[in-house]
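Here is the structure we will look at, set down as structure tokens.
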Amino acid sequence: MGGLDALRQFSLLQWLREERQSRKLILFIVFVALLLDNMLLTVVVPIIPSYLYNLDESADAVRNSSLLHQQEPPGSFHSIVSLYDNSVKLSGFNSTTRSADPVPPTPASSELIQNSSDCPRSSKLLNENVKVGMLFASKATVQLLTNPFIGPLTNRIGYQLPIFAGFCIMFLSTIMFAFSSSYALLFLARSLQGVGSSCSSVAGMGMLASVYTDDEERGHAIGIALGGLALGVLVGPPFGSVMYDFVGKTAPFLILAFLALFDGALQLFVLQPTKVEPESQKGTSLFTLMKDPYILIAAGAICFGNMAIAMMEPTLPIWMMETMCARKWQLGIAFLPASISYLIGTNIFGTLAHKMGRWLCALIGMVVVGFSVLCVPFAKDIYGLILPNFGVGFAIGMVDSSMMPIMGYLVDLRHVSVYGSVYAIADVAFCMGFALGPSIGGSIAESIGFPWLMTIIGIVDIFFAPLCLFLRNPPGQEEKIAILMDTNCSMKTRSYSTQGTYYQGEDMDPEYEDYD
């Protein structure tokens, strides 16, 4: 009975009010935001190539039909191919001519018979590379342009408003994806997603860095948050391909929109994004951080590591349709090993990278990405993609889980400990990979082929890896080094709250500061 009474007295709203200052709840909100963002990012990967191909096929069929009617003289017969009883019917009479009869099919009927196969035409698939690549790259390009404004903005108004604005924009983008039926509207929805993703990722990472000030704790927390990103990447492609194949294009996006409403309600109640809370100190300018060579090396590792999978997203499904005659659901399942291994990698190396050295973790990860990508074109069927894709995902998990925390550490070591701008740079690097990857990758795959595309990015990653050696012992300000290296120092941990800034330490009482 006591347990039942306790259950009746338990109130979710009361618990949320009590836990509003909890760092774990902040971490959960960022986790869910990154999860939904990357589910929407990847759910379109198996859907868009096939959907655009079908749109183009329908448009060509209508165009050819109209041309055929215009060219036919009056009173001519129309031949209709029946794929069910292997016959050709003449629309001018109530007669059916068997395929064995000497009535030659017209060019239109021959094309229809050819297209009745499950395998799409190779010539048309090559033309899809650029269109799909540009559509995929639009999100990252817009996000790339938005990030430099979001980073400094979080320093002025805090993190709650930008992350909630990101939810609103993401919800609108998801609804547009569900009901768009043209390339232009899909392109607009994908671009709009870039604005929302910029708000969510920059504000989310900056919020985590501000509440987890200890370097090891921060690495662990960011590893968990990247686990949300990894889970979105993991679930997105297979979820999208299965739903698209068996239910339709609209269903997966409506489900994502419903999940986004849950995250928005949680943000609205916990973060209360109606209050403006600027940082207590002025952070280093974005341009000063961009001139820091160590930050640039870390950003470069994030960019080139993720560019490998970004180049594969638009080109691998088309290559599979062309060489393996892959079905719709297989186009998303092919990315499953990479997604699972990325989830494993970010969770393992979120903590392990701090112990083994984050520079070493990133170096090994870049080399493994390169060699794994080089092996992808050797696959003869979907099973041959399992091992290379697993290596790609695991290695990118190593790079991301080591470089994201090191960005915050470099700011602590060499600049002012305000994190909005540095995580804007990290997100810019991430977006450059996903902007340049699909756009350039689609053009290269169309020009010289998918195998050469994988060879180029693999070699680039391997040659970039030695630069991570410079992150082994970056120089910093002497007084900051003393603080960061003094393990006996009772460092204050700042917890983010809507009423003010809550400090906690070993021998410190909680205190509140009002920014009003």
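Quick reminder: no glycine exception, Cβ is built from N, Cα and C everywhere.
TrEMBL entries are annotated by machine, without manual review.
Lifted from TrEMBL, the feature list:
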- 26-476: domain 'Major facilitator superfamily (MFS) profile' (DOMAIN)
- 95-116: region 'Disordered' (REGION)
- 25-48: transmembrane segment (TRANSMEM)
- 163-186: transmembrane segment (TRANSMEM)
- 219-239: transmembrane segment (TRANSMEM)
- 251-271: transmembrane segment (TRANSMEM)
- 292-311: transmembrane segment (TRANSMEM)
- 331-352: transmembrane segment (TRANSMEM)
- 359-379: transmembrane segment (TRANSMEM)
- 385-410: transmembrane segment (TRANSMEM)
- 422-444: transmembrane segment (TRANSMEM)
- 450-471: transmembrane segment (TRANSMEM)
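Each of 163-186, 219-239, 331-352, 385-410 was scored by its Cβ pairs under 8 Å to the transmembrane segment (25-48), and the highest score goes to 219-239. Stretch with the largest number of CB pairs closer than 8 A to the transmembrane segment (450-471), among 219-239, 292-311, 385-410, 422-444: 292-311. Panel annotation: around the transmembrane segment (385-410), residues 205, 209, 215, 218-219, 222-223, 226, 229-230, 292, 294-295, 298-299, 301-302, 305-306, 308-309, 312, 316, 334-346, 348-350, 353-354, 358-359, 361-362, 364-369, 371-373, 375-376, 378-379, 419, 422-423, 425-426, 471, 474, 484 of the same chain, lying at least six beyond its termini, place a Cβ under 8 Å from a Cβ of the stretch. Restricting the average to the domain 'Major facilitator superfamily (MFS) profile' (26-476) gives a pLDDT of 79.
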